[in-house]
Amino acid sequence: MEQTLSIIKPDSVGKAHIGEIVAIFEKAGFRIAAMKMVHLSAKEAEGFYAVHKSRPFFQELVDFMISGPVVVMVLEGDNAVVRNREIMGATNPQEAAQGTIRAQFGESIGINAVHGSDSLENAAIEISYFFSKTEIVNSVE
């Protein structure tokens, strides 16, 4: 069993798509090991996306991520990182396969409904950014 981090971004939260997106993850066989809604500060968003600090889209990404609340989840399941990324779809919703979350709910490459960890190593880092071990139910050891 693996764990991965998923974030329902401000665009999807603001359009009341939380339940639909959570249902997609559950129907795909993921177990939600932790979940909370937070409104990120600029400092928190900058810290979370620090890997992108030198990229031209960094400030736009931070501004978007602090524009409203987000739902942060730890998803658990077999091959969780890869499966989550398949379910999310391509970063650009126009290139995302039909039936994926981004194809259904994303608007643009910057406003694309969800975030998901891109590797097991990053999943562990990202999960610990938002959750303590005691907040994760039946966590993978």
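Each residue, glycine too, has its Cβ placed from N, Cα and C.
Quick look at what Swiss-Prot lists:
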type	residues	note
ACT_SITE	HIS115	active site, pros-phosphohistidine intermediate
BINDING	LYS9, PHE57, ARG85, THR91, ARG102, ASN112	ATP binding site
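The structure, with features from Swiss-Prot marked on it.
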residue	record	Cβ contacts under 8 Å, 6 or more apart
LYS9	ATP binding site	PHE64, MET65, VAL70, ILE111, ASN112, ALA113, VAL114, HIS115
PHE57	ATP binding site	GLY110
ARG85	ATP binding site	GLY116, ASP118
THR91	ATP binding site	ARG102, ILE109, ASN112
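Taken residue by residue with DSSP, ARG85 (ATP binding site) is part of a helix. In the three-state DSSP scheme, ARG102 (ATP binding site) falls into the helix class.
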